[in-house]
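Enquirer: Quick one: the structure is below, questions incoming.
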Amino acid sequence: NVTNLPFWNTFDVLNFATIDEEVAKLLELKAQLGGDEGKHQFTLKTAKGTRDYNPKQMAIREKVFNTIIGCFKRHGAETIDTPVFELKETLTGKYGEDSKLIYDLKDQGGELLSLRYDLTVPFARYLAMNKISNIKRYHIAKVYRRDNPAMTRGRYREFYQCDFDIAGQYDPMIPDAECLKIVHEILSELELGDFRIKVNDRRILDGMFAVCGVPDDKFRTICSTVDKLDKMSWEDVRSEMVKEKGLSEEAADQIGQYVSMQGGKDLAERLLQDAKMSQSKQACAGLTDMKLLFSYLELFQVTDKVVFDLSLARGLDYYTGVIYEAILTQNGPAPEAGEKGEEGVSVGSVAGGGRYDGLVGMFDPKGRKVPCVGVSIGIERVFSILEQKAEVRGSEKVRTTETQVMVASAQKNLLEERLKLTAELWNAGIKAEVMYKKNPKLLSQLQHCEDSGIPLVAILGEQELKDGVVKLRDVHSREEADVLRAELVEEIKKRIADV
């Protein structure tokens, strides 16, 4: 140790200590500047609960969106848009126990803001703010939740919702039945596999809680626990009610008898005669409407997939009447730990909604109510299933572009002619592509068409230019025909129409 040498003094030790400090500072500064390469080192990843989508995945998404929008428009809906963030007070107190999942933003100059949690509350705010008393609208946009992500099952922190809502004062159960018909149409058209649409009514639930001895102030919290029956066993749900929520064992056991019931119009009729349920005016009103709903669903020919299920609760605070949820009963991805996965049993919710007659009134200064009913399609869950199906099929190509014709050349020095012809096709409304090379090889141009699924190639050569024709090649059959330049647009349109 050099400090033990006789000529080493205290000043030198202090001097070395100072040098060590300076070296440490320089190393720290070097690290801040990014090390030897002068580059900032960072992790390349998406934020937790989010993802990127490649062109193939986007092609699947676009097809799904078109199917859903087509259905919404078929039912006469118009569309709106609202900001991605709202005043925090707009969202607070509308989601029950799920309120803890709202993303709050930092104060940006006097307004406390939060990212929207769903599209329903912003819609209610929009109606109240613009004094709209009736509208049939759809809205497709991203929402945000600080949830625990399950990426493989389509549960994210940033995701799309596809909402359809009918606002206005109408006769009972007619708009509600149309919402269920829309769910049936969309899920049938998307071919996701077998599904069921469970329906219940908040009034039936609240009436059931009352006659089973649940105190008024525990209705919402017990409702949130019942809502977990699709993920937890009855024993676990009962335990949470009794041990965590403080409900009596007797009340929990009575609830257990009811939530195991499923049926259709016949169950509603039976419960109207039930000794306990018939004591609740609220429950009777809900059961009478449930009978009416099923009579309309019969006319819409969707009762084969709809079941009246007393275990359905949907935890959101703003529901006031009919509630529903669509679940896949097979062909979904493997269930997560703690979720049921046997044949014919739910492995995932793909749509949900209900009636919320009081939500607009919460925002209106005069408390003016606008009755509303709506449905939200769980689009990310749908994408997950369709993506997995596409992977299973494997070899089947998914087109990621819509190009109808490739403008190619058989010889060199024809770039200008290719560009002129491409412009003619674009101006005629034809989706066309050209290679960004002066002298591309014909084989590489044809290969690009094979790889991208482009059905036609318009080939130019010196002879074709002299004769005033274009060689039109069918990529699939490899048949070629000379077409007069003046008739090319018409011929391409005819060929595309025949595909």
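Cβ atoms are placed via backbone N, Cα and C, with glycine included.
Feature table excerpt (TrEMBL):
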- Asp118, Leu119, Thr120, Arg145, Gln161, Asp165, Arg314, Tyr318, Tyr319: L-histidine binding site (BINDING)
- 20-408: domain 'Aminoacyl-transfer RNA synthetases class-II family profile' (DOMAIN)
Enquirer: By a 10 A CB contact count over all chains shown, which of the binding-site residues listed here is most packed: Thr120, Gln161?
Expert: Thr120
Enquirer: Hey, what's the Cβ neighbour count for Tyr319 (L-histidine binding site) at 10 Å?
Expert: 26
Enquirer: Over all shown protein chains, what is the count of other CB atoms within 10 A of the CB belonging to Asp118 (L-histidine binding site)?
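Expert: Its Cβ shell of radius 10 Å holds 19 other Cβ atoms.
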Enquirer: Taking the Cβ of Arg314 (L-histidine binding site) as reference, which residues of that chain separated by at least 6 in sequence fall under 8 Å from it?
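Expert: Arg314 (L-histidine binding site) has long-range Cβ partners Asp227, Ile323, Glu325, Gly352, Gly354.
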Enquirer: If you measure every Cα to Cα distance among Asp118, Leu119, Thr120, Arg145, Gln161, Asp165, Arg314, Tyr318, Tyr319, the residues said to bind L-histidine, what is the biggest one in Å?
Expert: 21
